[in-house]
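**Q** Shown below is the structure under consideration.
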């Protein structure tokens, strides 16, 4: 039996001020997990959310993860918040995952507003974490509160797993979940994560695939200390020159990867799968304008989406040891480390990708002929993930999206990596649904991150509808 949520949805619309206030409180907590000076704030964020969950009747516990070494300091890891709402053995159980930590942010980075102060402007809620991932996490809280306020019985038990280290590699979480496989994770029937985005800004979607990742470090050294470029320029082999040359050999101007054998691992594209890309609503012009690009490597919709979701890509992230501040510093750095990553897709294996990449880097280095010391090495990696779009969990999400938005959501893959998705799937043996709430232009990880007021409110409705749809899944 389908519960009529019309009046509840109207109440949610009218409750925006309360929804906004809770998001304002959350954004104000500077839970930057990668910054040791913000670690207390990150831990505070977990406790803040624990209090909010307990207010709706959730039984909570904090799982200690111990400590980590960060920037030469031993710091305490934020605990993982595990919560249980409902223990009715006659009902199925939904596991909800989210993260409460955020990326670094400062107004001097190019923000128009203070990043840790929620600012509403032109129907947009600006603030670090407003979209990634505090806003979506709070949508779960608001959805359950709305049901309770209207005496609507939830058709499923709900378990929560909220962490504070996702932006720093989810340190300690996979090991904790492995230990909790036969306790906290026991009896889970569905898993849902709202930590991804719509393909555009107008039409909702559901995500059934993610790319994995292989990260790399390339270190070049050659002199014992930084040197004055006026005194020593032209008479030594400069490590930064070598590094920039090597990194430039990894891709072509149209973003194709030059590493031999890499594309050979990609799973073949069937005609049936290729056809699904024809009906996906995606505006290439809007996409190009949203990222501020004058031209894209390809402006064909299908080719662009395939490259974004279905093919590997290589991106450069920075050079450690090189001067990057404003003004001039005319030195020759003694040691530099280039950083890049390759997003991988089915059927690419991280170990094979690591081997092929390091082999290619060494080959290119030999061609360079420099006497400097060259050390390429792999960093962390994560496998790609795909799920069956006809799974009952996925179909419940699709029904919920259509119920709220009035249209059938697009089925999409995503180019990013959420490694914990595969962890949950393997440990529970159940389907994981990625249910995006934010718009494609929310600028997660970037300056001026925002959550549209409309997406925030409709996100609450969508999650409530999804919970109710699981009753017949």
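Cβ coordinates come from backbone N, Cα and C, glycine included.
Annotations for this protein, taken from TrEMBL, read as follows:
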BINDING   99, 132, 195  Mn(2+) 2 binding site
ACT_SITE  101  active site
BINDING   132, 167, 445  Mn(2+) 1 binding site
ACT_SITE  166  active site, proton acceptor
BINDING   195, 228, 330, 343, 417, 445  substrate binding site
DOMAIN    208-365  domain 'Peptidase M20 dimerisation'
SITE      228  site 'Important for catalytic activity'
**Q** Roughly how many Å lie between the Cα atoms of residue 228 (substrate binding site) and residue 195 (Mn(2+) 2 binding site), rounded to a whole value?
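**A** Between the alpha carbons of residue 228 (substrate binding site) and residue 195 (Mn(2+) 2 binding site) there are 47 Å.
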**Q** Between residue 343 (substrate binding site) and residue 99 (Mn(2+) 2 binding site), how many Å separate their Cα atoms?
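**A** With the alpha carbons as reference points, the distance is 22 Å.
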**Q** Restricting to the chain of residue 330 (substrate binding site) and a gap of 6 or more, list residues whose Cβ falls under 8 Å of its Cβ, or answer none.
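**A** Residue 330 (substrate binding site) has long-range Cβ partners 228, 229, 230.
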**Q** At the level of the C-alpha atoms, what whole-angstrom distance separates residue 167 (Mn(2+) 1 binding site) and residue 99 (Mn(2+) 2 binding site)?
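**A** So the Cα of residue 99 (Mn(2+) 2 binding site) lies 8 Å away from that of residue 167 (Mn(2+) 1 binding site).
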**Q** Would you mind sorting out which of 101, 132, 195 (the recorded positions) have a C-alpha within 10 A of the one on residue 445 (Mn(2+) 1 binding site)?
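**A** Cα within 10 Å of residue 445 (Mn(2+) 1 binding site): 132.
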**Q** Pick the one among the binding-site residues 99, 228, 343, 445 whose Cβ has the fewest other Cβ atoms within 10 Å in this structure.
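**A** The binding-site residues 99, 228, 343, 445 were compared, and 228 has the fewest Cβ atoms within 10 Å.
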**Q** Beyond 99, 132, 195, what residues of that chain have CB atoms within 8 A of the centre of the Mn(2+) 2 site's CB atoms?
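**A** So the additional residues around the site are 98, 133, 136, 137, 166, 167, 444.
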**Q** How long is the line from the C-alpha of residue 132 (Mn(2+) 2 binding site) to the C-alpha of residue 417 (substrate binding site), rounded to the nearest angstrom?
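**A** For residue 132 (Mn(2+) 2 binding site) versus residue 417 (substrate binding site), the Cα atoms are 14 Å apart.
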**Q** I need the neighbours of the Mn(2+) 1 site defined by 132, 167, 445. Which other residues of that chain put their C-beta within 8 angstroms of the C-beta centroid, in sequence order?
**A** 102, 103, 133, 166, 444, 449
